[in-house]
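What TrEMBL says about this one:
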ACT_SITE  Cys114  active site, proton donor
BINDING   Pro31, Met32, Val33, Gln85, His184, Ala238, Arg239  FMN binding site
DOMAIN    29-292  domain 'DUS-like FMN-binding'
Amino acid sequence: MIGDIRETKECQLKDPMDLFHSGQVVKICAPMVRYSKLAFRTLVRKYSCDLCYTPMIVAADFVRSAKARDSEFTTNKGDHPLIVQFAAKEAQVLCDAARIICPFADGIDLNCGCPQRWAISEGYGACLINKPELVKDMVRHVRSQIDNPKFSVSIKIRIHEDLKRTVDLCQKAEAAGVSWITVHGRSIEERHQPVHYDAIKIIKQSMSIPIVANGDIKTLKDAENVHHLTEADGIMVARGLLANPAMFAGYEETPFQCIQDWVDIALEHGTPFTCFHHHLMYMMERITSKQEKKVFNVLSSTSAVLDYLNDHYGV
């Protein structure tokens with residue numbers, strides 16, 4: 001990985017904060033386990049996505065193992081601005097991971113929002129919203145140890161039942177030098193309940209750094225509505241982009257050109273079949289009949305998928 005990209009790094013890195021100072025709402029692809037990898041980031045960037053995150057990477061494994069680094073992180077010269085999201089619970093481990101990644105990415109994000117049981121039991125993810133001093137310490141450490149002032153340090157959080165605690169966490173992170181904060185507007189316990197956009201607005205009004213809104217945004221219209229409701233500086237989308245990678249470009253459903261682009265990009269990147277196929281299943285969810293899904297979803301090779309797309313859609 002590192003050998004492949006070292007030559008192109010110098011002129012490609014960008015300052016993500018420039019996006020937040022542009023006067024436009026920043027359109028962001030969320031960190032998604034298995035899905036927000038290089039090939040998919042390449043696709044959404046073609047369709048008006050401003051900023052992309054990697055899937056969450058466990059910082060301790062990343063620091064300890066070259067094998068983990070090679071399998072968890074790939075990039076190229078067009079993959080910017082790029083934020084690498086880490087799961088961490090110790091300031092120095094996060095710093096070491098940030099130092100390794102710094103030449104190849106534009107910033108890191110500390111995951112303080114993952115509600116999965118394994119993450120919380122390991123001391124990662126959403127349990128960190130209950131440890132504001134630790135979050136503050138981790139942000140401050142990275143800030144003091146990374147020389148590049150343009151390298152961003154952000155956090156992604158969920159909210160507390162008592163919103164005062166969330167505002168306190170955010171203000172502590174801001175004082176430590178965090179670049180921006182992404183707020184998923186649900187508590188740790190909430191999964192499919194409505195998103196508390198009013199809470200995101202209160203957090204936004206309590207801070208002087210950019211705030212990004214996240215949760216249940218499926219169309220460009222949703223993104224505009226959430227911006228209006230929260231006054232957030234950016235909108236982060238996960239499942240909505242999986243279903244329609246062209247969403248930020250204003251398409252109501254995945255256009256066939258986008259499917260063609262995915263096929264070209266995935267083949268060029270050598271994307272494993274399961275990932276290649278799963279993305280297509282998401283993209284075609286709204287544009288195929290039940291009967292077509294039954295056939296398409298059980299295809300078991302790249303060539304079978306390519307034949308199907310060619311026969312049915314001319315892709």
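Note: Cβ is positioned from N, Cα and C throughout, glycine not excepted.
Feature map: annotations from TrEMBL on the structure.
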residue: Pro31; record: FMN binding site; contacts (Cβ under 8 Å, 6+ apart): Tyr53, Thr54, Pro55, Met56, Ile83, Gln85, Asp109, Asn111, Lys156
residue: Met32; record: FMN binding site; contacts (Cβ under 8 Å, 6+ apart): Pro55, Ala238, Leu242
residue: Val33; record: FMN binding site; contacts (Cβ under 8 Å, 6+ apart): Pro55, Met56
residue: Cys114; record: active site, proton donor; contacts (Cβ under 8 Å, 6+ apart): Met56, Ala87, Ile120, Tyr124, Gly125, Ala126
residue: His184; record: FMN binding site; contacts (Cβ under 8 Å, 6+ apart): Gly113, Lys156, Ile157, Arg158, Ile159, Val195, Asn214, Gly215
residue: Arg239; record: FMN binding site; contacts (Cβ under 8 Å, 6+ apart): Lys218
Longest CA-CA distance among Pro31, Met32, Val33, Gln85, His184, Ala238, Arg239, per record bound to FMN, angstrom: 17
Cβ neighbour count within 10 Å, max among the binding-site residues Gln85, Ala238, goes to Gln85
Mean per-residue pLDDT in the domain 'DUS-like FMN-binding' (29-292) works out to 97
